[in-house]
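Per Swiss-Prot, the features are:
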- 16-57: zinc finger (ZN_FING)
- 84-125: zinc finger (ZN_FING)
- Cys89, His92, Cys111, His117: Zn(2+) binding site (BINDING)
- 125-169: coiled coil (COILED)
- 204-235: coiled coil (COILED)
Amino acid sequence: MAWQVSLLELEDRLQCPICLEVFKESLMLQCGHSYCKGCLVSLSYHLDTKVRCPMCWQVVDGSSSLPNVSLAWVIEALRLPGDPEPKVCVHHRNPLSLFCEKDQELICGLCGLLGSHQHHPVTPVSTVCSRMKEELAALFSELKQEQKKVDELIAKLVKNRTRIVNESDVFSWVIRREFQELRHPVDEEKARCLEGIGGHTRGLVASLDMQLEQAQGTRERLAQAECVLEQFGNEDHHEFIWKFHSMASR
C-alpha cells in the first residue's frame, strides 16, 4: 500500500481537537474520538462521570476511557530526538498553542474554549509568528531606509564642513595678500577682517560639528536597534511573541 501523507499533514491529524497540539496522554472515549487526558479532565473536572464528546456531542462514560496506545506509539515514533518541551498554560497545563488577538497574549486551547478568553478572536501561534515576522521585516526595511538617510546627511554635513574650511582658507590667503600690499596703514583693518572671518568660520564649523555628532549618534542607535531586531527573529515562537509584543507596546 502506498503512503502519500506528508509529515505536516500527519502532524495535523495527530492534534487534539481541544488544545490543537499533538496528543499528550491520549484517551479514547467510547464514541471513538481521542483527546489529551489533561483536556478531558479540564473539560469535565474528573473522568468518573458522564462526559459529552466535544466532537460528536455523544454522552459517554468517562470512566471507560482507555489510553489510545496505538496513537501514543505513532506520536512517539514520529517525535524528533531533542524536541523541546512546549511551554504550557499556567491555568490548564496545556501547550500555549493560540494567541488571543483581543488581549494580546498566548493562551491554550482550553483558555479559548472555556476560560477567560472564550469568544475572543484567536490565531494559531505559528500564524501569529509568521505575521509578526512580516512586521519585523517591514520594520527592518524602514530601519535600513532611515540608516540610508542618516548616511546621506552625514556625507552632506562632512562635504559642507570641508567646503567651508577650504573657502575660509582661500579667503584668508586673498586677504593676507591684499593687506600685505597696504602694509602698516591698514594693519588694524586687516586684523579685524581676519578675526571676523575666523569667528564666523568657527561658528559654522561648530554648528556643523554638533549636527555631525548628533547624526552619528542617531546612526549608532539605529545600528543597535538593527541588532536587536535581528536577535528577535532568532527567538523561538513564544519568546519572540512575548518580546515583540513588549517592544511594540512601548
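Numbers here mean position along the shown chain, with the first residue as 1.
Each Cβ is built from the backbone N, Cα and C atoms, and glycine gets one as well.
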Sequence-distant neighbours of Cys111 (Zn(2+) binding site) in its chain (C-beta under 8 A, six or more apart): Cys89, His91, His92, Leu98, Cys100, His117
Other residues, Cβ within 8 Å of Cys89, His92, Cys111, His117 Cβ centroid (Zn(2+) site): His91, Asn94, Ile107, Cys108, Gly109, Leu110, Gly112, Gly115, Ser116
Three-state secondary structure, which DSSP defines for His92 (Zn(2+) binding site): coil
His92 (Zn(2+) binding site), number of other Cβ atoms within 10 Å: 22
All-chain count of other Cβ atoms within 10 Å of His117 (Zn(2+) binding site): 21
Where His117 (Zn(2+) binding site) falls in three-state DSSP terms: coil
Rounded mean pLDDT for the residues that make up the zinc finger (84-125): 80
Helix, strand and coil counts within the zinc finger (16-57) (DSSP): 8 helix, 10 strand, 24 coil
